[in-house]
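Residues or ranges marked as domain 'Response regulatory' in TrEMBL: 11-127. Here TrEMBL flags 165-229 as domain 'HTH luxR-type'. Taken from TrEMBL, the feature 4-aspartylphosphate covers 61.
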């Protein structure tokens, strides 16, 4: 970054069904330097927006007037977008609610009514935690990319090595190795399909097979497996 360039502002989506509270959150977060991408009132609208906009932070009200609450919604996001920071706001702080928040491994929690200093501190903590996680994940992805490259170049008898305790990696087919390498290069399934000359449905089937061989259920769990190996 040159001296003339400004650092990129963290980008956030607010999920809050009370419009006045949503605008209050927006006002405070913009004052402390965040770029608010959207205000979302209905949980069903969130996932397509996260897929399209890839925010750095989600600020979620827990007590949504909908079929699912903010914690359940966060679980859906976390499975598919593990590097997105999660910050909850709620008027309730019962032990059951706090236990559920811990299980989701949220990055912050603010009790309503909130003040600017409280919210600003929570945002800084949430984003810093995700930055550290992302650094660890990127280091792990570089390592698995090296392992995959080695595995593709080695004869079969050497593929039976432990490969840093990552289960199932040596069992991948050549095509699955290609799909995983593309995934680790931040290619999305439609782009992978185009690159490899196969259908998106086939890519999804390969991903399911990779997850099954590695004993995971999602990309988030695969990243966790790699980081902890």
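Every residue gets a Cβ built from N, Cα and C, even glycine.
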Secondary structure tally of the domain 'Response regulatory' (11-127) (DSSP, helix then strand then coil): 57 helix, 26 strand, 34 coil
Whole-number mean of pLDDT values that fall within the domain 'Response regulatory' (11-127): 87
Neighbouring C-beta atoms (10 Å sphere around the C-beta of residue 61 (4-aspartylphosphate)): 24
